[in-house]
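Each remark here refers to the structure printed beneath this line.
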Amino acid sequence: MRSSLFKSGLEKAPHRSLLYALGLTKEEMRRPLIGVVNSANEVVPGHIHLNTIAEAVKAGIRLAGGTPMTFPVIGVCDGLAMNHAGMHFSLVSREIIADSIEIMASAHPFDALVCIPNCDKVVPGMLMAMLRLNIPAVIVSGGPMLAGTTSEGSFDLIDVFEAVGKFKRGAINEDQLEELEENACPGCGSCSGMFTANSMNCLSESVGLGLPGNGTIPAVSAKRVRLAKTAGMRVMDLLEKNIRPRDIVTAKSIENAVTMDMALGCSTNTVLHLPAVFAEAGLPLTLDIFDAVSRKTPNLCKLSPAGKHYLDDLERAGGIPAVMSELAKRGLLHLDVMTATGKTLGENLTDLKARVKNFDVIRAKEPYANEGGIAILRGSLAPDGAVVKQSAVAPAMMRHTGPARVFDSEEAANKAILGGEIKAGDVVVIRYEGPQGGPGMREMLSPTSNIMGMGLGETVALITDGRFSGGTRGAAIGHVSPEAAEGGPIALIRDGDRIEVDIPGRKLDVLVDAAELEARRASVVAPEKVIESPLLRRYASLVKSAAQGAVYKDPAAK
């Protein structure tokens with residue numbers, strides 16, 4: 001056993017003394033020691049209930065003959081960090097989470113791990129650690145929040161973000177805004193649409209590192225507790241069979257995950273997180289792969305913000321297995337890949353008798369589109385690529401040309417949008433918000449929501465070297481690479497330059513002569529930013545571009 005490194009033999013007598021201090025018995029020490037990574041806290045709605053999930057996981061481990069040992073990691077709520085300086089720290093936390101798990105599981109060599117995340121950066125951070133350590137492991141999330149309800153129907157947190165702009169233009173009153181904010185988030189769980197947290201939870205199930213149901217069983221359901229107990233038992237079986245994360249994550253299962261990403265209409269943040277996760281296994285995932293898979297994968301689901309359905313609707317419609325069964329019928333999935341059940345994907349789908357139970361939620365017969373939810377754009381404005389959630393773009397904005405309105409920060413753009421300075425036809429450009437330039441690549445949910453709330457969602461595009469919340473909708477194009485801080489073309493744009501967006505043609509161009517653009521370079525002055533945080537200064541010096549998943553540079557790499 002790996003744990004023998006700190007519990008077995010004469011020389012480990014002092015170590016056992018410390019384990020006795022925990023209250024462990026000799027029998028508990030003899031058993032496999034399983035690390036339970038718990039990101040519970042009292043700050044994040046998606047994590048407030050994770051101690052309940054952790055207790056269920058521990059019960060499952062004990063049922064199967066193991067000894068659980070819990071340790072914590074941080075978890076940031078992107079909603080609470082949005083639209084202020086706190087958002088600089090969100091993406092940074094992904095790397096901190098992965099590193100902290102590596103530290104704990106190396107200093108204390110557990111035999112296996114069960115990881116319990118739920119929200120945006122915690123899921124990829126834990127997946128990165130699982131593949132980096134490559135010891136038997138299962139991920140079991142806290143589950144999605146139920147949608148909010150009023151007398152007018154269901155809604156979610158994004159409706160509240162958009163309501164700010166509606167209030168500013170007089171479309172709703174203060175009482176209506178208050179009703180929305182008090183009812184949008186009815187309880188624990190990751191926010192109820194196909195935003196980043198739920199996207200990553202669904203994809204952790206799709207790639208095989210999470211058990212069936214991990215992505216969609218609601219946080220408040222007893223099924224979620226039973227799933228957690230099962231995860232605790234399953235990790236013991238994986239340990240016995242020596243099935244490790246890199247046995248599950250292969251080139252085939254990566255293609256499965258990206259295919260599911262496109263079919264589900266997931267968050268554009270998956271284009272940052274999946275490459276970062278799979279890089280830990282030495283498996284490349286490029287923007288070209290995303291786009292190639294998107295072109296051949298139908299968009300079967302439009303959950304909020306792209307449509308009217310929520311994660312609990314998807315669960316009732318058959319969940320991730322139902323979507324996978326439909327894609328399998330089309331020959332779009334590899335069914336021979338191993339999963340955390342100890343069986344192949346094909347065996348899982350057969351055992352589950354996976355089928356679609358609601359063809360309005362999962363459009364298997366009449367897909368929303370013949371292409372996937374995400375498109376990769378390139379052109380003179382984004383030579384290394386940019387990302388758009390095309391499934392959440394209005395048809396009228398799939399092609400758009402308009403004058404640039406350029407801002408060097410999110411705050412400046414927000415002020416202009418809410419101040420009525422942005423007009424129909426404009427292209428809002430927000431730069432110096434990339435991984436290095438931000439630093440931390442803040443999410444532009446407030447600007448995109450304010451564009452919607454101000455009634456400009458079908459006439460205004462937004463382009464940024466920052467990123468978006470999974471709750472963003474509209475012609476919102478992010479991850480523009482190279483970013484402004486690296487001297488990318490986005491740094492050379494001026495107010496009034498014509499910007500051409502062609503999503504079907506996968507093009508993003510600034511309609512200025514290349515020689516003229518280059519001549520501007522000498523006069524470009526980056527905004528002066530005083531970065532007081534040593535952590536953010538370190539991050540800015542180490543992080544790669546968004547096109548490479550915004551991972552750290554490897555000092556050993558040539």
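Glycine is treated like the rest: Cβ placed from N, Cα and C.
Binding of Mg(2+) is annotated in Swiss-Prot for Asp120, Lys121, Glu443; the matching candidate from Asp78, Asp156, Asp159, Asp408 at the same site is Asp78. Taking Cβ-Cβ distances under 8 Å and a sequence gap of 6 or more within the same chain, the neighbours of Glu443 (Mg(2+) binding site) are Asp78, Met82, Met87, Ser90, Gly466, Arg467, Phe468, Ser469, Thr472. Neighbours of Lys121 (Mg(2+) binding site), defined as other CB atoms within 10 A of its CB across all chains, total 28. Taking the centre of the Cβ atoms of Asp78, Asp120, Lys121, Glu443 as the Mg(2+) site, the nearby residues of that chain (Cβ within 8 Å, site residues left out) are Val76, Ala81, Met87, Ser90, Leu91, Cys119, Thr196, Ala197, Asn269, Ser469.
Here the binding-site residues are Asp78, Asp120, and the one ringed by the most other CB atoms within 10 angstroms is Asp120. Cβ neighbours of Cys119 ([2Fe-2S] cluster binding site) (same chain, under 8 Å, six or more residues apart in sequence): Val44, Gly46, His47, Gly75, Val76, Cys77, Asp78, Ser190, Ala197.
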